[in-house]
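Visitor: Can you keep this structure in mind? I'll have questions shortly.
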Amino acid sequence: MDGNENPNPARTSLWRNARLATLREELGPLGIIEDGVIAVRGERIVYAGPEAGLPSELARADQVFDCEGRWVTPALIDCHTHIVHGGNRAREFQLRLEGATYEEIARAGGGIASTVEATNALSVEALVEAALPRLDTLLAEGVSTVEVKSGYGLNVEAELKMLRAARRLESLRPVRIVTSYLAAHATPPEFRGRNGDYIAEVVLPGLTAAHAEGLADAVDGFCEGIAFSPAEIASVFGRAKSLGLPVKLHAEQLSDLGGAKLAASYGALSADHLEYLDAAGAAAMAKAGTVAVLLPGAFYTLREKQLPPVEALREAGTRIAIATDCNPGTSPLTSLLLTLNMSATLFRLTLEECLAGVTREAARALGILGETGTIEAGKSADLAIWNIDQPAELIYRIGFNPLRERIFKGERILR
């Protein structure tokens, strides 16, 4: 079969002769099942296990696909991105290479202000067109779920416009989009020095409007000396909780302000970056079930020296996910496979931590682990089939895309 195949709700499909890395924890590292088979009815997995255990009624499938001994994993999940935005910062990158400081670039109209200006200038349709190539690059590597943030509008209508564009992507590609409202990302020039006014006049009204329109799946913020204080973020999180929305936080990227502990106190889905996280913050996150999302693309691009405290996260039992952080300024990265290699090479994550970090734990970081992230009965049939001899190849190789096919909600998407 060629191209995309839409699932019939009553149709049963089998993927046989597969080596499964299910990521189910009860099955041990990577949840491996040799000589595996996956049965899908409509959009849902109804069996994933050894061939010998396949129920006889499922063996009489409407269509059968031979994986020819290939590895099958859950489809990948990029749980932290900013792919909806206008413009790019290539000129700024060039200036940095020539020795310009961040302050000099900002004074010249660069930095986040340039992205805000470019984003505000575009319509929803133009933002969608700008985001599609970034999204397509991720999907081509086996990604089926992408988190998308606002945060480059910094006024109510522009933040809503970004979220509308993110929602539109889901109707144009076979992908699950999870949105995060991130108006508390930076303060625009007209509110400089008046963070409280910006939150009261833009962030909170925008949040209420986004919720009313069904545009926000979660609420994010940037807790840092150059952005918002813990108290300011708390006011945003309080409103989010009153609306029944989960929260997450950019925290401890440049300093330790206690953002991770704040996030944990609100039961946040995740706290992200975390280079300056301390042991107490890691413990608070573990207790709250808040996932640590590590972002090696930003670490690499900014030439950071402070590594996230991976060992402290392990000792605390904090779950770890990884993501591209695709954004125009500090992580212009649209390869989750390269992110896997960076996470292992720069942060010393293990094979199991890396693969769980873009599947099971990434789903946990988005609050959708009940829907996707592992291969097991009851979950969405979101799968990736790879031309590899062993799972380590997904992390070890650089500039290598071994995806054979992607399956999203039971639909085959062939490369």
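Note: Cβ is positioned from N, Cα and C throughout, glycine not excepted.
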Visitor: Of Tyr152, Tyr181, which does Swiss-Prot put in the N-formimidoyl-L-glutamate site with Asn327, Gly329?
Guide: Tyr152
Visitor: According to Swiss-Prot, Arg89, Tyr152, Gln253, Thr330 bind 4-imidazolone-5-propanoate; which one of His80, His185 is listed for that same site?
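Guide: Matched candidate out of His80, His185, per Swiss-Prot for 4-imidazolone-5-propanoate with Arg89, Tyr152, Gln253, Thr330: His185.
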Visitor: Quick one: of Arg89, Tyr152, His250, which binding-site residues lie within 10 angstroms of Gly329 (N-formimidoyl-L-glutamate binding site), measuring between C-alpha atoms? Sequence order, please.
Guide: Arg89
Visitor: Test of understanding: give the count of other CB atoms lying within 10 angstroms of the CB of Tyr152 (4-imidazolone-5-propanoate binding site).
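Guide: Its Cβ has 30 other Cβ atoms within 10 Å.
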Visitor: Fewest other Cβ atoms within 10 Å: which of the binding-site residues His82, His185, His250 wins that one? Let me know.
Guide: His185
Visitor: Within 10 Å of the Cβ of His80 (Zn(2+) binding site), how many other Cβ atoms are there?
Guide: 31
Visitor: If you skip the near sequence neighbours and keep only those at least six away, which residues in the chain come within under 8 angstroms of Arg89 (4-imidazolone-5-propanoate binding site), Cβ to Cβ?
Guide: Gly110, Ser114, Thr115, Pro328, Gly329, Pro332
